[in-house]
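Take a look at the structure below.
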(Lines of atoms letter the chains of each structure in order from A and count residues from 1; the text may use other names and numbers.)
(Lines give C-alpha, C1' and ligand atoms only; values in the text may rest on other atoms or scores of the structure.)
Protein backbone atom coordinates (compact mmCIF):
# COMPACT_ATOMS: atom_id res chain seq x y z
CA UNK A 1 0.00 0.00 0.00
CA UNK A 2 1.39 3.37 -1.09
CA UNK A 3 -0.37 6.39 0.41
CA UNK A 4 0.13 10.09 -0.29
CA UNK A 5 -0.67 12.52 2.53
CA UNK A 6 -1.15 16.15 1.51
CA UNK A 7 0.06 19.20 3.43
CA UNK A 8 1.81 17.59 6.36
CA UNK A 9 3.68 20.90 6.35
CA UNK A 10 2.22 24.18 5.12
CA UNK A 11 3.97 26.20 2.42
CA UNK A 12 5.06 28.67 5.09
CA UNK A 13 6.58 25.86 7.15
CA UNK A 14 8.33 24.49 4.06
CA UNK A 15 9.87 27.89 3.31
CA UNK A 16 11.11 28.14 6.89
CA UNK A 17 12.57 24.62 6.72
CA UNK A 18 14.30 25.37 3.42
CA UNK A 19 15.82 28.62 4.64
CA UNK A 20 17.48 26.71 7.47
CA UNK A 21 18.41 23.63 5.46
CA UNK A 22 19.82 25.59 2.51
CA UNK A 23 22.16 27.40 4.91
CA UNK A 24 23.24 24.21 6.69
CA UNK A 25 26.33 22.06 6.26
CA UNK A 26 25.64 18.85 4.35
CA UNK A 27 27.72 15.67 4.45
CA UNK A 28 28.16 12.74 2.08
CA UNK A 29 25.12 10.49 2.46
CA UNK A 30 27.15 7.37 1.69
CA UNK A 31 28.68 7.67 5.17
CA UNK A 32 25.43 6.42 6.72
CA UNK A 33 24.66 3.72 4.14
CA UNK A 34 25.00 -0.01 4.70
CA UNK A 35 27.66 -2.06 2.95
CA UNK A 36 25.55 -2.87 -0.10
CA UNK A 37 23.69 0.45 -0.31
CA UNK A 38 26.91 2.49 -0.12
CA UNK A 39 27.78 1.65 -3.73
CA UNK A 40 24.45 2.97 -5.11
CA UNK A 41 23.90 5.98 -2.83
CA UNK A 42 24.91 9.43 -4.10
CA UNK A 43 23.33 12.17 -2.03
CA UNK A 44 23.94 14.52 0.87
CA UNK A 45 22.50 14.46 4.39
CA UNK A 46 22.31 16.74 7.41
CA UNK A 47 24.44 15.35 10.24
CA UNK A 48 22.43 12.95 12.37
CA UNK A 49 21.91 14.26 15.88
CA UNK A 50 22.65 17.87 14.96
CA UNK A 51 20.59 20.56 16.67
CA UNK A 52 18.97 21.50 13.35
CA UNK A 53 18.05 17.92 12.50
CA UNK A 54 16.53 17.35 15.93
CA UNK A 55 14.59 20.61 15.98
CA UNK A 56 13.09 20.24 12.51
CA UNK A 57 12.46 16.55 13.13
CA UNK A 58 10.50 17.29 16.29
CA UNK A 59 8.38 19.77 14.36
CA UNK A 60 7.54 17.08 11.80
CA UNK A 61 6.63 14.60 14.55
CA UNK A 62 4.27 17.15 16.11
CA UNK A 63 2.56 17.64 12.76
CA UNK A 64 2.24 13.89 12.22
CA UNK A 65 0.62 13.42 15.63
CA UNK A 66 -2.24 15.66 14.47
CA UNK A 67 -2.58 14.17 10.96
CA UNK A 68 -5.45 11.65 11.06
CA UNK A 69 -4.64 10.05 7.71
CA UNK A 70 -1.11 9.25 8.88
CA UNK A 71 -2.37 7.72 12.14
CA UNK A 72 -4.96 5.67 10.26
CA UNK A 73 -2.51 4.38 7.66
CA UNK A 74 0.54 3.77 9.83
CA UNK A 75 -0.89 2.96 13.28
CA UNK A 76 2.51 4.09 14.59
CA UNK A 77 4.18 2.45 17.56
CA UNK A 78 7.64 3.96 17.09
CA UNK A 79 8.88 6.60 14.64
CA UNK A 80 12.57 6.89 13.81
CA UNK A 81 13.64 10.54 14.24
CA UNK A 82 13.30 12.29 10.86
CA UNK A 83 16.45 12.76 8.79
CA UNK A 84 17.09 15.11 5.87
CA UNK A 85 18.68 14.53 2.47
CA UNK A 86 19.51 16.42 -0.69
CA UNK A 87 20.01 15.20 -4.26
CA UNK A 88 21.68 17.44 -6.86
CA UNK A 89 24.23 17.30 -9.71
CA UNK A 90 23.29 13.78 -10.77
CA UNK A 91 22.61 12.60 -7.23
CA UNK A 92 20.74 9.32 -7.08
CA UNK A 93 20.05 6.28 -4.92
CA UNK A 94 19.97 2.97 -6.74
CA UNK A 95 17.55 0.13 -6.09
CA UNK A 96 17.62 -1.06 -2.48
CA UNK A 97 15.48 -2.30 0.40
CA UNK A 98 15.65 -0.49 3.74
CA UNK A 99 17.18 -2.29 6.72
CA UNK A 100 14.62 -4.39 8.59
CA UNK A 101 15.88 -3.37 12.06
CA UNK A 102 17.41 -0.11 13.23
CA UNK A 103 18.76 1.16 16.53
CA UNK A 104 17.07 4.32 17.74
CA UNK A 105 19.68 7.10 17.98
CA UNK A 106 21.43 7.30 21.33
CA UNK A 107 19.99 4.06 22.66
CA UNK A 108 20.30 0.28 22.53
CA UNK A 109 16.63 -0.03 21.59
CA UNK A 110 15.87 -1.56 18.21
CA UNK A 111 12.82 -0.89 16.08
CA UNK A 112 11.41 -2.83 13.15
CA UNK A 113 10.89 -0.82 9.96
CA UNK A 114 7.39 -1.53 8.67
CA UNK A 115 6.81 1.68 6.74
CA UNK A 116 9.11 4.19 5.06
CA UNK A 117 8.18 7.85 4.64
CA UNK A 118 9.44 10.65 2.40
CA UNK A 119 8.31 14.22 3.10
CA UNK A 120 9.07 16.41 0.10
CA UNK A 121 10.60 19.84 0.80
CA UNK A 122 11.11 21.00 -2.81
CA UNK A 123 8.44 21.71 -5.40
CA UNK A 124 8.41 19.37 -8.44
CA UNK A 125 9.29 22.22 -10.81
CA UNK A 126 12.44 23.03 -8.80
CA UNK A 127 14.26 19.97 -10.11
CA UNK A 128 14.33 17.44 -12.94
CA UNK A 129 14.48 13.74 -12.13
CA UNK A 130 14.47 12.75 -8.48
CA UNK A 131 11.37 10.56 -8.68
CA UNK A 132 10.96 8.03 -5.89
CA UNK A 133 10.25 4.75 -7.69
CA UNK A 134 8.65 2.05 -5.55
CA UNK A 135 8.19 -1.50 -6.84
CA UNK A 136 4.97 -3.22 -5.82
CA UNK A 137 2.68 -6.06 -6.88
CA UNK A 138 1.30 -3.98 -9.77
CA UNK A 139 4.62 -2.69 -11.08
CA UNK A 140 6.68 0.43 -10.42
CA UNK A 141 5.04 3.57 -9.05
CA UNK A 142 6.88 6.88 -9.52
CA UNK A 143 6.30 9.51 -6.83
CA UNK A 144 7.14 13.22 -7.02
CA UNK A 145 4.91 15.25 -4.73
CA UNK A 146 4.42 18.91 -3.91
CA UNK A 147 6.52 20.42 -1.14
CA UNK A 148 4.91 19.67 2.22
CA UNK A 149 3.31 16.43 1.00
CA UNK A 150 4.43 12.98 2.17
CA UNK A 151 4.34 9.44 0.84
CA UNK A 152 4.16 6.24 2.92
CA UNK A 153 5.15 2.87 1.50
CA UNK A 154 6.15 -0.57 2.83
CA UNK A 155 9.78 -0.70 3.95
CA UNK A 156 9.99 -4.15 2.37
CA UNK A 157 9.60 -2.56 -1.10
CA UNK A 158 12.48 -2.34 -3.54
CA UNK A 159 12.81 1.37 -4.28
CA UNK A 160 15.15 3.95 -5.80
CA UNK A 161 15.58 7.69 -6.39
CA UNK A 162 16.24 8.57 -10.02
CA UNK A 163 19.14 10.93 -10.88
CA UNK A 164 18.53 14.65 -10.35
CA UNK A 165 19.74 16.40 -13.50
CA UNK A 166 18.68 19.97 -12.63
CA UNK A 167 18.12 21.78 -9.36
CA UNK A 168 17.99 20.07 -5.99
CA UNK A 169 15.58 17.57 -4.43
CA UNK A 170 15.37 18.21 -0.67
CA UNK A 171 13.34 15.93 1.59
CA UNK A 172 12.92 14.47 5.04
CA UNK A 173 12.78 10.71 5.44
CA UNK A 174 12.14 8.32 8.30
CA UNK A 175 10.71 4.93 9.24
CA UNK A 176 7.76 3.72 11.27
CA UNK A 177 7.27 0.60 13.36
CA UNK A 178 3.55 -0.07 13.26
CA UNK A 179 1.33 -1.51 15.98
CA UNK A 180 0.18 -3.90 13.22
CA UNK A 181 3.27 -5.41 11.55
CA UNK A 182 1.45 -7.34 8.82
CA UNK A 183 0.94 -5.17 5.73
CA UNK A 184 -2.23 -6.96 4.63
CA UNK A 185 -3.85 -6.63 8.05
CA UNK A 186 -2.82 -2.99 8.29
CA UNK A 187 -4.30 -2.28 4.85
CA UNK A 188 -7.62 -3.89 5.81
CA UNK A 189 -7.77 -1.78 8.97
CA UNK A 190 -7.00 1.37 6.98
CA UNK A 191 -9.72 0.65 4.42
CA UNK A 192 -12.22 -0.10 7.18
CA UNK A 193 -11.32 3.04 9.13
CA UNK A 194 -11.64 5.23 6.03
CA UNK A 195 -15.08 3.74 5.32
CA UNK A 196 -16.14 4.49 8.90
CA UNK A 197 -14.88 8.09 8.57
CA UNK A 198 -16.85 8.54 5.34
CA UNK A 199 -20.01 7.07 6.87
CA UNK A 200 -19.85 9.07 10.11
CA UNK A 201 -21.17 12.43 8.79
CA UNK A 202 -23.99 10.68 6.92
CA UNK A 203 -25.68 8.88 9.81
CA UNK A 204 -26.56 9.44 13.45
CA UNK A 205 -23.83 8.58 16.00
CA UNK A 206 -25.95 5.71 17.33
CA UNK A 207 -26.75 4.25 13.90
CA UNK A 208 -26.42 0.45 14.32
CA UNK A 209 -24.37 0.14 11.12
CA UNK A 210 -21.82 2.67 12.33
CA UNK A 211 -21.67 1.14 15.81
CA UNK A 212 -21.17 -2.35 14.38
CA UNK A 213 -18.47 -1.30 11.91
CA UNK A 214 -16.61 0.59 14.64
CA UNK A 215 -16.78 -2.49 16.85
CA UNK A 216 -15.42 -4.67 14.06
CA UNK A 217 -12.51 -2.25 13.56
CA UNK A 218 -11.53 -2.24 17.22
CA UNK A 219 -11.89 -6.00 17.59
CA UNK A 220 -9.65 -6.58 14.57
CA UNK A 221 -7.14 -4.07 15.93
CA UNK A 222 -7.26 -5.86 19.28
CA UNK A 223 -6.55 -9.17 17.52
CA UNK A 224 -3.70 -7.94 15.32
CA UNK A 225 -1.96 -5.19 17.31
CA UNK A 226 1.38 -5.80 19.01
CA UNK A 227 1.78 -2.93 21.48
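Heads up, residue numbers simply count up from 1 along the chain you see.
Cβ atoms are placed via backbone N, Cα and C, with glycine included.
Listed in Swiss-Prot:
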- 78-178: domain 'Fe2OG dioxygenase' (DOMAIN)
- 96, 98, 159: Fe cation binding site (BINDING)
- 169: 2-oxoglutarate binding site (BINDING)
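Annotated features, which come from Swiss-Prot, shown on the structure.
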| residue | record | contacts (Cβ under 8 Å, 6+ apart) |
| --- | --- | --- |
| 96 | Fe cation binding site | 36, 37, 40, 41, 158, 159, 160 |
| 98 | Fe cation binding site | 113, 116, 155, 175 |
| 169 | 2-oxoglutarate binding site | 86, 87, 88, 91, 120, 122, 126, 127, 129, 130, 161 |
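Other than the site residues 96, 98, 159, same-chain residues with C-beta atoms no more than 8 angstroms from the centre of those residues' C-beta atoms, the Fe cation site, are 37, 93, 95, 97, 116, 155, 157, 158, 160. In the three-state DSSP classification, residue 96 (Fe cation binding site) falls within a strand. Secondary structure counts, DSSP: the domain 'Fe2OG dioxygenase' (78-178) has 3 helix, 59 strand, 39 coil. Predicted-model confidence for the domain 'Fe2OG dioxygenase' (78-178) is 98, expressed as mean pLDDT. For residue 159 (Fe cation binding site), the Cβ neighbour count at a 10 Å cut-off comes to 24, with all displayed protein chains included.
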